[in-house]
Amino acid sequence: MSRSKESDELIFFVNGKKVIERNADPEVNLLFYLRKIIQLTGTKYGCGGGDCGACTVMISRYNPISKKISHFSAAACLVPICSLHGAAVTTVEGIGSTKTRIHPVQERIAKGHGTQCGFCTPGMVMSIYTLLRNHPEPSTEQIMETLGGNLCRCTGYRPIVESARSFSPNSACCPMNEKWKCCLDEGKNEPERKNSVCTKLYEKEEFQPLDPTQELIFPPELMRMAEDSPNTVLTFRGERTTWIAPGTLNDLLELKMEYPSAPLVIGNTCLGLDMKFKDVSYPIIISPARILELFVVTNTNEGLTLGAGLSLTQVKNILSDVVSRLPKERTQTYRALLKHLRTLAGQQIRNVASLGGHIISRLPTSDLNPIFGVGNCKLNVASTEGTQQIPLNDHFLAGVPEAILKPEQVLISVFVPLSRKWEFVSAFRQAPRQQNAFAIVNAGMRVAFKEDTNTITDLSILYGGIGATVVSAKSCQQLIGRCWDEEMLDDAGRMIREEVSLLTAAPGGMVEYRKTLAISFLFKFYLDVLKQLKRRNPHRCPDISQKLLQVLEDFPLTMPHGTQSFKDVDSQQPLQDQSGRPIMHQSGIKHATGEAVFCDDMSVLAGELFLAVVTSSKPHARIISLDASEALASPGVVDVITAQDVPGDNGREEESLYAQDEVICVGQIVCAVAADSYARAKQATKKVKIVYEDMEPMIVTVQDALQHESFIGPEKKLEQGNVQLAFQSADQILEGEVHLGGQEHFYMETQSVRVIPKGEDMEMDIYVSSQDAAFTQEMVARTLGIPKNRITCHVKRVGGGFGGKTSKPGLLASVAAVAAQKTGRPIRFILERGDDMLITGGRHPLLGKYRVGFMNNGKIKAADIQLYINGGCTPDDSELVIEYALLKLENAYKIPNLRVRGRVCKTNLPSNTAFRGFGFPQGAFVTGTWVSAVAAKCHLPPEKVRELNMYKTIDRTIHKQEFDPTNLIKCWETCMENSSYYSRKKAVDEFNQQSFWKKRGIAIIPMKFSVGFPKTFYHQAAALVQIYTDGSVLVAHGGVELGQGINTKMIQVASRELKIPMSYIHLDEMNTMTVPNTITTGGSTGADVNGRAVQNACQILMKRLEPIISQNPNGDWEEWINEAFIQSISLSATGYFRGYQADMDWEKGEGDIYPYFVFGAACSEVEIDCLTGAHKNIRTDIVMDGSFSINPAVDIGQIEGAFVQGLGLYTLEELKYSPEGVLYTRGPHQYKIASVSDIPEEFHVSLLTPTQNPKAIYSSKGLGEAGMFLGSSVFFAIAAAVAAARKERGLPLILAINSPATAEVIRMACEDQFTNLVPKTDSKCCKPWSIPVA
């Protein structure tokens, strides 16, 4: 039969506008097309792998059979444009803008303070928008499932969820208790309200209602196209790949016969990742998305037949419908599948990933295939030779040649049988986090019994995540004929232990944990089946203790809720004075509409080149040769830049721009390729040939560095009292060590820079995503060998920084500047997520050793602490980090005799750098560990020991700085009260007595955080305020808007000082021409010091205006300004703040370093699953001393965001390195920050009743970093839960649990009969897959 006619015309719509592309390139994805071809830059690049949600768009299609339009969210970075024929794409620009009208979703997420840096906001908006197009009144479960595929690094998610919940029918109150009554309605906060405490950050009444009738209509032309669609074969030929999309099954089968090795693609969620990250290319790609037979659903008495082309979301909806109509005993397999479909990947992936693709890919971590395998499912396949049914069994999943599809065969559908009465099916998975994460281990298990007995007639167990393929526990077949009892369970556990074999060096690591999970899942299955058998035949089966059965309940996907309280402004404060009020972020609406411009959103200039770098693949090696000839000959390549092209300084203090002669870490930049597109530059980097010769030593870990005495800088030391003498008088002495892993900044906007040569006098404009524009300017000037006055750095906004954009942008901008100077053309240098994580380094991993002397009542007499941090291969800010860790290590505790020492270890890893908290989260964690250990040794409650050792009266820190701890005690006591600590601790104890396999823990921690830098010049700031003759005001200052709301606060300051409404005032960009010689924006001082500068400039201007105002007191602002101009009075003023007096003398070990302290306390409660290591954050209460907040909405947002980032540091985020120093975790696919389901179910934040802080503007305090350490309250709550489990099992107490407390750490700490079944791995026999670097 002849094939249908070909067409090369691609037709789709974007935001209601028709797009026609002839011979579209199959390798071009929708994200690139939107951003670079049609200049819709609201959709952001965050990771390129569909894991972060930044590029979320809505895709709509019309089904000519059902006559319905479907809307679904998708990750644009994975959607090939060739797959969009007949589709309508809606981006954030298409639903609303400041030029037309903003959509209710955009309005609510902005006014609800759900945006900080704003980079993730368009993706969040589009996820919620798509949900509302399908469900105008969504349920809380739908909201949580929708947002599970979107990441945010700034907000802590609470305000985003709250904005989405405002569309839900039950959004009028917070579900604070089991009665679903609002805490405010019950009068719980009456005392605070009497004291003018406010709990409203915005006015819901101002929100415009959602009107579904006002949405963009689906293009009628596409409906006609779908109805009249000829059976043409769409064929698009690109540079390397041809995309063929047949319209009939016959054409599809013929194409598969002609191109048997061509992959079939519908969702591109697997193939797309291979093409992008593994550089796999396919000459031919076949898309069967138009074949109707692949989307058929048939429901019979035997089971369901599901078309292979159905998306996983469609499969979930179909199964949910069937499960709601049929008895549970008939839908066991369906329920098991649904359990995993709720959390598999993110919503954007489930919406496009096909059932057939998921099955055929046979990924070892597939969540569905083990269930299909045990469920006796069948694959219906077809070829030109006819149809065939293939069992979806362990042979198929293992890739046995005789059991899989032939190259010319196509999977048409999957038959999923109904379960039988005495058949039980269960599914299990454990992932790094609850949503949007591949399973570490998963399983499908099925057992059948002889009717009305517990005698096994069939047993099937399949595991994912155990080997290179799905693994079948075949030996368990020997159990057929046995009774379902404990003896059978013991034998099954031993069989699985023998069958599940993982080598020490198995990819993915966690060998003991994965083996333990396999056995733990079996036990859960045993209990689950026993429970169901008991229900059906109560007399035959033994009673099961409820204490054991609680573990069968998975942690629910619940929507977080909570309260935020702060001091309201004085009733006498003028309405136009917005200081102290919860004002929306200045760019909030622009964030939500996608109109906020980030570095890579700027239009490409004529002749602009794109830069891609070649990085070292060796940790320590000599460069023998570098051959770039093949790269230079590649299409589009203009030049290759190396160290020889640097006209000035190639780096200082060992931090080279380009490696020369030697490389000192994996990820060090060796050379760069400049080409006319990024894709061509990237492809050319793979053609650069470098020959290395390994060098010794190779130092990766802290232990390596100690062995080789490899350090950066001298040892730092502080001491007070007589430590040795105090040890002699102590009742007990405790020694130990604790390890804290590193942390990736994971700012949503990767490192970005554009360098534009101006053509004369060596001048350059640099647009950079940087926290320190002046340092970038200085480094570029030094690199090029020119004065700084030729370089102007521009920073409009930064998509998150957290310290990671302090020093690194200077290096990357210099790399780009050399390329720009050499080629004479503009250069765009935007790091991909993987390169960003590989090159830039993060938070310093730490080893802490301690020796503590204490009395039996818990009073600590002496402590001797040694800290070692992994600094990486160059100094960067590491010496400052270790200094800060030592200075702040004591936290809230008065230890009369204390010695602290610290060293920076020099290793062959990328240099670690500044990160939010700057050493405090590490140092205070070590202290929290040994204080808790003291409590355990004394058999005292941890909170009693913490309270006993806290500062109580005016005193001096270890560096001899005086401070008043009054507000520290207030925070502690208020947090105790707000959290109902003692009553909840009693409830936790009662829960633990009644549950064996699940345990709860509660912990409360105090915090003393010192704000600022150790030198006065670090605190200086400048501002320029200009008043125009129409009365409008332009403010410029030296701070950078990172999402922390500094620009919003500066407008509030100027508004108060000039006594004009905020609407009169505008901030444009920060640049080094307007405000020179700036200091990095960090250390929680940005608003403090720049606010003083803005205040100074405004006061100068008001002083000039005083005579005019006094002459015309009844005039208005515009009249006064016009008169000032007529009188030739300058309406421009530079403000300056010299900085806080600060200095530290390390020889004497003393100094008044910090202008003030921020105090706080946090109480967190968690529940852990002792069998899997999973945990649920139940509730957190935070009390923070913010003094008089300039903007409570911004400050509470900073507290929440920092807390969740800290929660990630201490419990989730894990950087994994090979023994050779290669970073494995190079994106959200492998590295898991907290998602929306990881934050506390109840999340309460209170700002302490204000007290005076004369050091900062308007008596405010900088709160950007302090909340980070409070995340450790979750860690210590987990440790308490683990302690409860170990105590019940009669195990010795673990005095120090290493951080992060991941699922692996938690599970392996809860030792039991199952962990004891697993033999310990011997790392001496072979290298492990990954190693801890602390």
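Yeah, the Cβs are placed from backbone N, Cα and C, and that goes for glycine too.
Feature annotation from Swiss-Prot assigns domain '2Fe-2S ferredoxin-type' to 8-95; the stated evidence is sequence analysis.
According to Swiss-Prot, the feature [2Fe-2S] cluster 1 binding site maps to Cys47, Cys52, Cys55, Cys77. Non-local neighbourhood of Cys52 ([2Fe-2S] cluster 1 binding site): Gly46, Cys120, Gly123, Asn150, Leu151, Met748, Pro1228, each in the same chain, at least six residues away, with C-beta under 8 Å from its C-beta.
Close to Gln116 (Mo-molybdopterin binding site) in the fold, though at least 6 residues off in sequence, lie Cys154, Thr155, His585, Gly1043, Gln1044, Gly1045, Gly1197, Gly1201, each with a CB less than 8 Å from its CB. The annotation Mo-molybdopterin binding site is assigned in Swiss-Prot to Gln116, Gly801, Leu1042, Gln1198.
Annotation source Swiss-Prot lists [2Fe-2S] cluster 2 binding site at Cys117, Cys120, Cys152, Cys154. DSSP assigns Cys117 ([2Fe-2S] cluster 2 binding site) to coil in the three-state reduction, placing it in neither a helix nor a strand.
Taken from Swiss-Prot, the feature domain 'FAD-binding PCMH-type' covers 236-421. Mean pLDDT for the domain 'FAD-binding PCMH-type' (236-421) in the predicted structure: 96.
Cβ neighbours within 10 Å of Leu264 (FAD binding site), excluding its own Cβ and spanning all shown chains: 23. What Swiss-Prot records for Leu264, Val265, Ile266, Gly267, Asn268, Thr269, Cys270, Leu271, Ser354, His358, Asp367, Leu411 is FAD binding site, and it gives similarity to another entry as the kind of evidence.
Within its own chain, Ser320 (phosphoserine) has Leu338 as residues 6 or more apart in sequence whose C-beta sits under 8 angstroms from its own. Annotated phosphoserine per Swiss-Prot: Ser320, in sequence order.
With a 10 A radius on its CB, Glu1265 (active site, proton acceptor) counts 27 other CB atoms from all the protein chains. Taken from Swiss-Prot, the feature active site, proton acceptor covers Glu1265, and the record attributes it to similarity to another entry.
Applying an 8 A CB threshold to same-chain residues 6+ apart, the list for Ile266 (FAD binding site) reads Ser83, Ser287, Pro288, Ala289, Gly309, Val352, Ser354, Gly356, Gly357. With respect to Asn268 (FAD binding site), the closest of these recorded positions in Cα terms is Cys77, chosen from Cys55, Cys77, Cys117, Gln1198, Glu1265. If you take the C-beta of Cys77 ([2Fe-2S] cluster 1 binding site) and look for same-chain residues 6 or more apart in sequence within under 8 angstroms, you find Asn29, Leu30, Leu31, Tyr45, Cys47, Gly48, Gly49, Gly50, Cys55. Among the residues the record lists as binding FAD, namely Leu264, Val265, Ile266, Gly267, Asn268, Thr269, Cys270, Leu271, Ser354, His358, Asp367, Leu411, the two farthest apart have Cα atoms separated by 21 Å. Cα-Cα distance from Leu264 (FAD binding site) to Gly801 (Mo-molybdopterin binding site): 40 Å (rounded to the nearest whole number).
Remark: Cys152 ([2Fe-2S] cluster 2 binding site) has Cys120, Met124, Ile160, Met748 as non-local neighbours, by Cβ distance under 8 Å and separation of at least 6 in sequence. If you take the Cα of Gly801 (Mo-molybdopterin binding site) and the Cα of Cys270 (FAD binding site), they are about 31 angstrom apart, rounded to a whole number.
A separation of roughly 31 Å, to the nearest angstrom, links the Cα atoms of Cys270 (FAD binding site) and Cys117 ([2Fe-2S] cluster 2 binding site).
Same-chain neighbours of the Mo-molybdopterin site beyond Gln116, Gly801, Leu1042, Gln1198, judged by a C-beta within 8 angstroms of the site's C-beta center, are, in sequence order, Cys117, Cys154, Val798, Gly800, Phe802, Gly1043, Gln1044, Gly1045, Gly1201, Gly1264. Each residue of the domain '2Fe-2S ferredoxin-type' (8-95) gets a DSSP state, and the totals for helix, strand and coil are 19 helix, 33 strand, 36 coil.
The secondary structure of Gln1198 (Mo-molybdopterin binding site), as reduced to three states from DSSP, is helical.
Comparing Cα positions, Gln1198 (Mo-molybdopterin binding site) lies closest to Glu1265 out of the recorded positions Cys117, Asp367, Glu1265.
You'll find the Cα of Glu1265 (active site, proton acceptor) roughly 38 Å from the Cα of Asp367 (FAD binding site).
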